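S.K.: Encoded as structure tokens, here's the structure I'll be asking about.
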């Protein structure tokens, strides 16, 4: 298992380099180097000898508890993976290359039609994948399970139904509230100063720079090659303070999770993150529950004003706080605020569910998309580029991924509430800029468990309850009443 | 073959990252990731199925000339590699890890005794390796051949005998010549300005930044992941102008060779460099024959003076030229000038030859070393750290590597003389800072051939003669008469 991890993490190094430092002409051969490494990892993982060894270990009664969990989860992974032949994996990977290229072309030509044939093929393959993997109740469940073990259409339908109307109401009340001016966030903010300030934030949050680093890339991301080498990236827009700041905080949230996993379980399930939803809960807890709170900025804002005196000395903390929380339904998911964001996800979720069950045709995506953006977010989609072509996920074959973003926000609110409840001095500590107690709570209750528990088990263990949407809704209401004075 | 290359080049990416950006705690798992990749590459390469396929191809008569060469050379490599069992390779690799660690400890404690047991074991393994590989005349030939195909003790004895007395005479005449003052090279030279100037030199030399990059590392090196992704590194000493400048020029010389290899032969012998001696000839030709010439600096020096006006405006080109060519026998190979350098190599060559043939015991290395430094270079070795512990090579098991450094200088002089002879306007072009014709000549006569020819064949083809030492001696004499006015 650890040798397989060596190969996968090697591929991750090559990918990291691809996003950060690769010279343009190096891309072609990098592609084939990555393909070869993936092939090795997959071949090794579906080797029947490995399955046999895992079966043998699984039937033994003398293993320690941790060993047992590692074996059981590895065997589960093996049994899932072996359902896919190398030929099918190759088909998927080739389809994904083609699909990604036609997505790029379709985006630049601003025409969904250029994407639809390859996407159609991809959807076919994902349906096939769901059949091969097997599922109960709904074929989309097979895909969801890959990113969020145990997540189902039934669960997500319930959660999204619960959340939709309250969020819609909230958007309505915000629209009727006092207006928020955030133009001062889009002045000139020099690159180097932004970088330095971002590094300061990351350090403050507890990122271990001896076990990781930050670099620049086009799209910010977090990766790791083991829990002692966790890498994050950011991008800096000199005319917008937002990008760097919230990408730094968001990615550091992911990175703190990776740095909190156990190096002793390198390459083994107990050394891996629980699920994408839990991963996202960590990035969003830091980004939103901490990083967009009035409380935290009480401590940080004076420092920020000293770094950017000409830009911010006339802006009060209250003005700054309102600006970084401005709500404005818009077209692009990645630029959305905390409230309207979840409509972007719900639209994608409903759409994917229909595609996989076969009740929506690929050709009908743009119409369906635009109709729902109008109905749910009240925005008119002017073209495909700012509509159904905006995300890369489908071109990679990532169906079932989007819902984990919303789950992340929901778990984040519940975890944060539990931490506040369990740690009486937490609010004051954060207000003084000290997030160490929060990190310690996350390490203890979330990080260290790796994949030992499913998201729902982990949530139960950490908060005493399975996922409840009210924590998220209460958090939003509490915050936005204050900001929009409705 | 290309899949094997994918794995090897992936390992090269991990190594590059290790030297440039790896956070300290990431080193441990990086080691095992690299070991796994090496294991895969070696296992694949000695797979009898590969041997059989190569044999079949080799016996066919319908291959094109290039295909034939690729097959013949691959088969040659296969037949060499298959002599070593995975167990032996593992033994070597483990011995090398141990040896490297005890070398580090021995260096920091300044005591050869801490290194000798592990080195002894390594020498035993290298003797075994020579037996497994097979050889004619001298066991050291088997080791030389790995770095420089066709190089033998007979050849090197001849070459070094020819060169030793003339170099000794030259050192004597230089010692009696006018003194050279190079103190102005060790003023404050700010980091960023040095970096920028180095990048300018690299660009001037024709390095393609779309197919490569430069970064900072502790020890400068060149690596590549294919001919369209060639990476060099440098280090900057703010109190010494020399390090950055000559490392940039030297590594760019290596890099131009790699960028000049054919991408069409990715992973195949015709896409690989001819030998270490030829590789070094490229770095040294640029570093010394161009980069330390009065001619080239005529064009560059005014620019350098503008970059560092306070440091250099009072220093004439002639003073600068003399300073960068100062000759001073000293203790450390990597800091040696062009003349005394080769005594460092000859001492190592003679020592390695004796170790491998068994006529010198590991325990006697320090005494032998110190005696020869006194006799050949006239310097007294004060301790092991500045003596026989200075180089990392033996700890890696690299016996037979050092001679390629000298061969590089000798080939460089002969190549440069041939280029000057064949290109009438070359001297004037370089004097105007235009090295494009030189690069074109190297591309045409050296780079594009890959491993098609051995060093000696390539030399014959490019210069009309096999290696002759007189080009190197003439070059030195011509240069130093001028500088030291003897």
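Cβ coordinates are placed from backbone N, Cα and C, and glycine is handled just like the others.
Pasting the relevant annotations from TrEMBL:
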BINDING   B:250, B:254, B:280  Zn(2+) binding site
ACT_SITE  B:251  active site, proton donor/acceptor
S.K.: Excluding near sequence neighbours, so keeping only residues 6 or more apart in the same chain, what lies with its CB under 8 A of the residue listed as 'active site, proton donor/acceptor'?
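M.R.: Within the chain, the residue listed as 'active site, proton donor/acceptor' has Cβ neighbours under 8 Å at B:214, B:220, B:221, B:222, B:232, B:233, B:234, B:283.
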S.K.: Can you name the residues of this chain that are 6 or more positions from residue B:280 (Zn(2+) binding site) yet have a C-beta less than 8 Å from its C-beta?
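M.R.: In sequence order, B:404, B:405, B:407, B:408, B:409, B:411, B:412 meet the Cβ cut-off.
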S.K.: Specify the secondary structure state of residue B:251 (active site, proton donor/acceptor) as given by DSSP, simplified to three classes.
M.R.: helix
S.K.: Starting from the Cβ centroid of B:250, B:254, B:280, which together make up the recorded Zn(2+) site, report each further residue of the same chain whose Cβ lies within 8 Å of that point, ordered by sequence.
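M.R.: Filtered neighbour residues, in order: B:222, B:251, B:253, B:279, B:282, B:283, B:284, B:286, B:287, B:408.
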S.K.: Taking the Cβ of residue B:250 (Zn(2+) binding site) as the centre, how many other Cβ atoms fall within a 10 Å radius?
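M.R.: For residue B:250 (Zn(2+) binding site), the count of other Cβ atoms within 10 Å is 22.
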S.K.: With every protein chain in view, what's the tally of Cβ atoms within 10 Å of the Cβ of residue B:254 (Zn(2+) binding site), excluding that atom itself?
M.R.: 24
